[in-house]
Amino acid sequence: GETLEEGLDHWFAMSEGVCSCDYGFHMAISDWNDTTRRELMDMRARGVSSFKFYMAYPSLRCDDRSIFEALEAIDAMGGLSCMHCENGDLVEALTAEQRELGHLTPAAHPLSRPDFVEAEAVDRYLAIAEAAGTPAYVVHLSTQRGLSHCLAARKRGQQVLIETCPQYLALDDSCYTDDFESAKYVFAPPARKQADQAALWQAITGNVVDTIGSDHCSFNMLGGKDEGKDDFSRIPNGMPGVETRPLLMYTLGVATGRMTPGQMAAQLSENPARIFGMYPRKGVIAPGSDADVVIWDPEAQGTIHYADLYMNVDYNPYEGMATVGRADTVLLRGQVVVENGVVIQEDCGRYIPREACVAEHVGS
């Protein structure tokens, strides 16, 4: 029910003085109207140049006409649309079907959101973007079918940017069982088949994927996920991921030869900075850029335990996983904030107003 201005003010108040890294905001648009349209330039003036939309979730999703009009308006002011691609009507129908069958455990979650739910929405979003004459940014892509639509659109000449996340590279749908412990894997889109995982890794190796996000959206198991202990559709969708993202990509990607250290740096840092209007202040080591530097220890060995992490959540979906490498030292604007893998300086992050987005795929 908030306006964009109210939403941004709220998140400024939430973040100021308590972030340990520099940050910016995407603004989510769930209600496209004349007020929202007028607010776009105000958002742009305050350093926001990217806007997220949903094609799923009743309280968040926009209809196709709204998406079309919003894409045109956002592109005209140097912004970029980012889309959660799932067909919301199909999700609701398939969820109701599982419940009617008495399938109420987390094992029903992937059955309510199969690959075609994402693929249809990806295809529709790309068609709307083509009609509007704008670039498209697909967030947290999880399926081979969705990927094929993105590649077909690129072949037609569209500017299509692809993001995936570690959960779609590390987990598959075997994690969903009748045991409520598997509620920790209830996120959307869900973990997919091993064939989808393999296709995404191939896309990363081939520089088809532009960015690796986290889709961090954490809920405690106790007092959060357990709201759905008797009905999977009531389990909050989301998982923690922001802190483990580089560790997982090094362990599963660089250490296995699926990606180079340079590709990891590009997909986690340089490409997001370029796309979302932070480059060259961020995303590069160069004269005049912020001295944000990670010194990575490639020989470190470890095991993921939620109790050892800074994320404020009572579980980790990768609990017990053996890892390779770690961020040994981190500099933020030239100041050491992590030393020997330990945060030594907190709450020194600043809001970074962003310039116009640059929606250009630079890979193969």
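Note that Cβ sites are derived from N, Cα and C of the backbone, with glycine treated the same way.
Note: TrEMBL annotation is automatic and uncurated.
Annotation comment: TrEMBL describes LYS52 as N6-carboxylysine. Residues annotated as domain 'Amidohydrolase-related' in TrEMBL: 54-337.
For the domain 'Amidohydrolase-related' (54-337), the model gives a mean pLDDT of 98. In the three-state DSSP scheme, LYS52 (N6-carboxylysine) is classed as strand.
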